[in-house]
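Here the structure is laid out as structure tokens; the discussion comes afterwards.
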There are 2 protein chains.
Amino acid sequence: MSSPIIGVFDSGFGGLTVLRALLPLVPGAHYIYLGDTARLPYGSKSQTTIARYAVESARFLEERGSDLLVIACNTATALALPEIRAAVSVPVVGVIEPVVRAANLQHPSAEVLVLATTATVQSHAYLQHCEALGLRATEKACPLLVPLVEEGWIDHPVTRDVLRIYLEEALATCSPKAVLLGCTHYPLLAPLVETTLRELGSQAVVIDSAQATAAEVETHFPTSTPSSSDAATFECFATDSVEKFQRLGSLFLQHSIDQVQHLDLGG
Amino acid sequence: MSSPIIGVFDSGFGGLTVLRALLPLVPGAHYIYLGDTARLPYGSKSQTTIARYAVESARFLEERGSDLLVIACNTATALALPEIRAAVSVPVVGVIEPVVRAANLQHPSAEVLVLATTATVQSHAYLQHCEALGLRATEKACPLLVPLVEEGWIDHPVTRDVLRIYLEEALATCSPKAVLLGCTHYPLLAPLVETTLRELGSQAVVIDSAQATAAEVETHFPTSTPSSSDAATFECFATDSVEKFQRLGSLFLQHSIDQVQHLDLGG
């Protein structure tokens, strides 16, 4: 098999944490990342609008030759995965099922805590996926974490205080075996979430949707070159400011982004 | 003169701080508030798109009988005031000129500090208006303040810490006589901004765009009934979730909002 082409889609930059997790697992691939930054946040929009936006983006990635699409966006996964799968002819991997399955593998039928944005919590997509596997889930909206990450305050005293408040509130109502990071911004906070849980006396394991999703994608490319080759190439598209994408994108990917192309998907 | 009808427009809820400041100054009016919540944030969109959205909203408010429009949105004021004024036949008051004029009245040709969102700072609209009056302005982007206010953390230790960090960074480069709150969310933080400035050794006066804008609107209705009458009536329209508007709107208006009507302005 020649080098696979993997399309990765998010409404913004967060999905780059999934791309970062993918690079060592499927290192021989060519990656096309599309951030629909002009139309974010998806969370406040209707299901119909989100499905239309996500399908437009998915079709663009398929037309560019993608062999598989990763919907690295919780809102689009929660609200539009069936529409995206119907619109394209390549396999589509979302971010919710892999992390819920990973939690259930480690702690079958256990109590879990899902940290996510307000929009994702209101969709109850994690709750439904957890219940389908027999996991008991508590969902906790953490609206300040995305702006804190986007401010670059990854290991900052303020972020520690905010995380402690959110986790204290959540742990007052549940005793989870696993904490699921249900937003593609949150993998950058994974070490801080783990430290804070320990400080609060919880031994819950932190499960990162980026890692779980990347592992799921890896199963589609069993003949990929070994991780030492580091032969991946990638190109990035953004529907809004290319400069902001380069600056924030480098933070999320933890790798400099040399070139971002502007793409107009309409309004 | 019969009761005036005043239309107030914002992309979200923040403009309700302007409405709150208006109620005691023009108490006999009927207020129509429109929050284009389905299409926020305006800050990340192009000037053309913002102007189109703002003109649609302004026309709606004029068609509902408004005698005057308040553009209680910094982004729309910065990027679309000429287009809005050209599109309607009633007077239009934006949020930037009044607060800059108020600062210049108190401290002519002084050094001022403008706190605003990243999008407003990048537009340099405050800088240009300040320079036109001879004020020397430093603009400081405070991206975490809007999410902190929307979380309801108005007088919260985390908000104090964040504000202290932003103000310390700003005061390292300037010694302002006045601090302009260049975002309609920030009036809720005015007491905390003032306390923090004093703790940092600054005697700068805090000038609130909501108060300054309301005072400007008042000059258009000199025959209004006295402030004790409290006869104002208002109706609210939102282009997104009516429930979220009621919850957050009550926080900003500091008055319960009984009824919000949904409005579809298209995508």
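Our numbering is plain: 1 for the first residue shown, then up by one each step along the chain.
Glycine too: its Cβ is placed from the backbone N, Cα and C atoms.
Just so you know, TrEMBL annotations never went through curation; they're auto-generated.
Database features, via TrEMBL:
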type     : residues                                                                 : note
BINDING  : A:Asp10, A:Ser11, A:Tyr42, A:Gly43, A:Asn74, A:Thr75, A:Thr184, A:His185 : substrate binding site
ACT_SITE : A:Cys73                                                                  : active site, proton donor/acceptor
ACT_SITE : A:Cys183                                                                 : active site, proton donor/acceptor
| note | Within 10 A of the CB of A:His185 (substrate binding site), the number of other CB atoms across every chain shown is 25
| task | Please give the greatest C-alpha separation between any two of the substrate-binding residues A:Asp10, A:Ser11, A:Tyr42, A:Gly43, A:Asn74, A:Thr75, A:Thr184, A:His185, in angstrom, as a whole number. | result | 14
| request: Restricting to the same chain and to sequence separations of six or more, state which residues have a Cβ under 8 Å from that of A:Asn74 (substrate binding site). | output: A:Val95, A:Ile96, A:Ala116, A:Thr117, A:Thr120, A:Ala125, A:Gly182, A:Cys183, A:Thr184, A:Ser209
| Is A:Cys183 (active site, proton donor/acceptor) helix, strand or coil when read with DSSP? | coil
| request: Determine, using Cα-Cα distances only, which of these binding-site residues is closest to A:Cys73 (active site, proton donor/acceptor): A:Asp10, A:Tyr42, A:Gly43, A:His185. | output: A:Asp10
| For substrate, what surrounds A:Asp10, A:Ser11, A:Tyr42, A:Gly43, A:Asn74, A:Thr75, A:Thr184, A:His185 with a Cβ no more than 8 Å from their Cβ centroid? | A:Gly12, A:Gly14, A:Gly15, A:Leu40, A:Pro41, A:Cys73, A:Ala76, A:Thr117, A:Thr120, A:Cys183
| task | Just jot down the residues in the same chain as A:Tyr42 (substrate binding site), at least 6 apart in sequence, with C-beta under 8 A of its C-beta; none if empty. | result | A:Ser11, A:Asp36, A:Ile50, A:Tyr53, A:Ala54, A:Cys73, A:Thr75, A:Ala76, A:Leu79, A:Ala119
| Chain-internal residues near A:Asp10 (substrate binding site), provided their CB is under 8 angstroms and they sit 6+ positions away | A:Leu16, A:Val18, A:Tyr33, A:Leu34, A:Gly35, A:Asp36, A:Ile71, A:Ala72, A:Cys73, A:Ala76, A:Thr184
| query | Where's the emptiest Cβ shell within 10 Å among the active-site residues A:Cys73, A:Cys183? | reply | A:Cys183
| request: Provide the three-state secondary structure of A:Cys73 (active site, proton donor/acceptor) computed with DSSP. | output: coil
| Cβ neighbour count within 10 Å of A:Thr75 (substrate binding site) | 28
